[in-house]
Amino acid sequence: MIYYTTLTLTHPLITIPFFSSNCLFFQIFISCLLFLFSLSSFTGCPKANSSTPMELVYPKSTNGELFPWNELRLPASVRPVNYDLSLTPNLTSMTFTGRTIINMIIQHNTKRVVLHSSEINIIKATFQVGEGKSVEVKVLEYKPWQQIAVSFPGDLKEGQVCVLTLDYTANLSHTYDGFYNSSYNDKTGAKRVLAATQFEPQAARKAFPCFDEPAFKATFLVRITREPEYIALSNMPKAKTTTLPSGMLEDEFEQTSVNMSTYLVAFIVANFTSITRNVSNTLVSVYSVPEKKEHTQYALDTASRLLQFYNTVFDIDYPLRKLDLVAIPDFLAGAMENWGLITFRETSLLVQNQSSLLDKQLIANVVAHELAHQWFGNLVTMRWWNDLWLSEGFATYWQYASLMTEFPQLYLRFKAMAKDSLNSSHPVSVSAQVNTPEQVSEMFDSITYEKGASLLLMLNSTLPDGQFRKGLLEYLRQYRGSNTVTDDLWNSITRVWTYIIDYCFWMCQVQVLPQQESVSDMMRTWTLQKGFPLVTVSRKGGEVTLTQEHFLLSTDNTTHTSSLWHIPVTYVNDSCSSAPSCRQMFTLRNKTATLKVSESVKWLKLNYMNTGFYIVHYGDEGWAALIDALKTDVSTLTPHDRASLIHNIFSLSRLGRVSFRQVLSLLDYTTNETETAPLTEALSQLSSVYRLLDKRPELGLVARMKAYILGHFGPLMDSQDWGVEESVSSQERRSALLEVACSLGRQNCTDQATALYEQWTNSNQTNRIPGDLQRAVFSVAAQSDSGWLSLLDTYRLTTYDSEKRKILQALASTQDPRRIVWILNTVLEGGIIHTQELPLVISTVSDGFAGHLFVWDFVKESWDRIIEKFPVGSYSIQSIVKSTTSQFSTQTHLEEVQGFFSSLKERGSRMRSVQEALETIRLNQHWMDRNLATLRDWL
């Protein structure tokens, strides 16, 4: 699954040790109180004495009987083999009925069958053992854990085949998960309704009772009964359609040809149209509402090319006979990788033929991500959500590797580092508790996605050419159709690498890399601990000392000397610095190590092309040498290396290792910078500082910071052409420069934007505004009354999704308090603006001076309504929390944020994103205290 993010220039368990048997009763008593406090429906404490084992504690079912299971994770005693699902949605009453027939096998003797069910009313249940008679059984339910169970007086025996049949009714969900209803207005203005699914991570249980954990793979046969004016889609091709006596149609789909996890099941009932193409024995289709059929061609072309690419590069053909890509008008995530039925937001799939290359690349990125999941995530699936990165990290890596796009991946690595530098971060592969729905949802973050992808990039750049791919092919071949943990991946790559070393030794009689550690040894240091290293460089003549420590932003100068990584340090020097052949490598395994260089070397640049997930501090002399080199010849380092220097020095300033004077000294070279990656990073970092200052009563300093930014980059901003740019890189660079210029009120930019907007409106929108300029142009227009109202009318009527999203951002950028309140309430209500856009609107409003306090008050007042739509811990909630708090930098705001979230209790107080928000505010305070005087003096 990919979540929709906006690229902007901004950058319970309490353990009580058991000491001895005479302390046991006291410890059990305290444990019981804690357990009862969190789960009031539990019936009592374990009973124990010195001679008998403790009795297990079971909760009460909804009917008052004891529920026969007491863990959030399901027992392993039963394994589903096949589901036969029949569903009949009613799009008038917004309800559905269903029958689920589960064929299962008993793994070991048990007296119970426990599975998941949520918000479902079970009418009847029957159970059959082997060829015996089907008998009606009682179903117990424990709602807090979304579990149901059937108990038996005697054991079900290992190896027995059983069938559980459940008839039920339910409401179509009004949130964005489970089997939910959605609506949109067609070209005549008439309201149209549909029903779609979103099951990842734990919402299949809202549509049908199931073993809703990734490791319980099974096959699925789906039947959907619908009214004739709709179509139905599911994971597999339709096998037949039957007309029922009622006039309804029943579509039966082929049984899945692969075993799959419940979160990948999908079905849709809607009035959609499609275009199709046969690709490598697979029918590829793109579905949309009829009015937007003409916007589907690019997605079909892209999906067709990527399917062929992945079939080749993974050496395993896509296993299904069809691949549908479906644009859904009301969809929370950016997209979801359901096997054979990938669902998307309209803005993630649909694009005009005349849209900009940058808009098309955004579509290609999402399609590439979801198609990569068909292998990484679907074919090979993580055993549990603590290893979600095996799915999302790989999909993120391949979305860029498949399209050969480098700059966005660089930006996303920096984004992941910002989160991973906080104490509230978590390891990529989490060994701690990830059990509750909130804990599972919180795994969907930039550590899982972007850091996971960054570690794969680092490993690929460390291994000899081709070995990374060979290791992945070994992993896919060995575990296809199965579930894995992180060590399975490292072991597969290590095996391939070991084969090569052994082959070279026996065939060539040469020992290759005699001290070569296993991939597992190296990568476990990166995946099993949170954070990343800071490598400090010191030099005496030809001896270079490298020292590693945990890069941890902290207000109390905490250091983690015990944290060590096996770091593949790459470096170049002044004699050869830009070509790939210049790169040298040194593995830093210990706290400190030394390497030798020629005394004639003037400077070293570590982390060539920024492929490593670490930050480098060069010391005063090292930084001075690099700054002088860039001022002499900006091209002495690659654009990626220049961007990484900018990112690193800002990060070190935040850590307190360099002064802000040194930051500004490095930025002096940027008056000669013309490349996208370093320019965008510099503008991002400076804009972040500007916005932080803008939220404080520092009007004079804000004005000087604005003057500094425009003084440095103004000439380049003014030189930008406002016509059609031919390359993605040029469009990225231009949009970054002009969005900052216009937001800071540079006259040349606002004049050009106003003129372009007037040409667009006067021509009845036939004179197209280049896609990469639309956000800047619309945002300028939205600052006037007439422009804002004009944009609102266009937003209501336009069918161009990429354009519509930029208009919404412009509307939310207004500094008019009345309109800020209106747009926040409107998006939460849904209707004119889908509620799915709330995180985007909140993020945009938060950036403005007028909006940042309004939006914080809005979130506090509307919290309960917000979490009705967006699950606690979800990516959307993480985004809302971060957007509304990340620019606070005062003790008053810290106490207010802390007090509000503490009051929420189970409604959000324990979220990791809350701890991240509090850390960020404290760090902002600390940065202000340390740097305000310097900024006043220097600027």
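Glycine is treated like the rest: Cβ placed from N, Cα and C.
Over all protein chains present, the Cβ of Glu370 (active site, proton acceptor) has 28 other Cβ atoms lying within 10 Å. As annotated by TrEMBL, active site, proton acceptor applies to Glu370.
Positions annotated as Zn(2+) binding site by TrEMBL: His369, His373, Glu392. Counting Cβ atoms from all protein chains shown, His373 (Zn(2+) binding site) has 27 others lying within 10 Å of its own Cβ.
Look at TrEMBL and you will find 80-264 tagged as domain 'Aminopeptidase N-like N-terminal'. Model confidence over the domain 'Aminopeptidase N-like N-terminal' (80-264) is summarised by a mean pLDDT of 97.
For 298-526, the entry in TrEMBL reads domain 'Peptidase M1 membrane alanine aminopeptidase'.
Per TrEMBL, domain 'ERAP1-like C-terminal' is recorded for 603-922.
What TrEMBL lists as site 'Transition state stabilizer' is Tyr449.
Marked as transmembrane segment by TrEMBL: 12-37.
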Inset, instruction - Show, in sequence order, which residues other than His369, His373, Glu392 on the same chain lie with their Cβ within 8 Å of the centre of the Cβ atoms of the Zn(2+) site. - result: Met1, Ile2, Glu337, Glu370, Ala372, Phe376, Gly377, Ser391, Phe394, Ala395, Thr396, Trp398, Gln399, Tyr449
Inset, instruction - Go through the recorded positions His369, Glu370, His373 and tell me which ones have a CA within 10 A of the CA of Tyr449 (site 'Transition state stabilizer'). - result: none
Inset, instruction - Rounded to the nearest Å, what's the C-alpha distance separating Glu370 (active site, proton acceptor) and Glu392 (Zn(2+) binding site)? Just drop the number here, would you? - result: 10
Inset, instruction - Would you mind listing, in sequence order, the residues at least six apart from His369 (Zn(2+) binding site) in the same chain with a Cβ closer than 8 Å to its Cβ? - result: Ile2, Ala335, Ala395, Thr396, Trp398, Gln399
Legend entry - Neighbourhood of Glu392 (Zn(2+) binding site) by C-beta distance under 8 A, where only residues 6 or more apart in the same chain count: Met1, Gly377, Phe444, Thr448, Tyr449, Gly452
Legend entry - Count of other CB atoms lying within 10 Å of the CB belonging to Tyr449 (site 'Transition state stabilizer'): 29
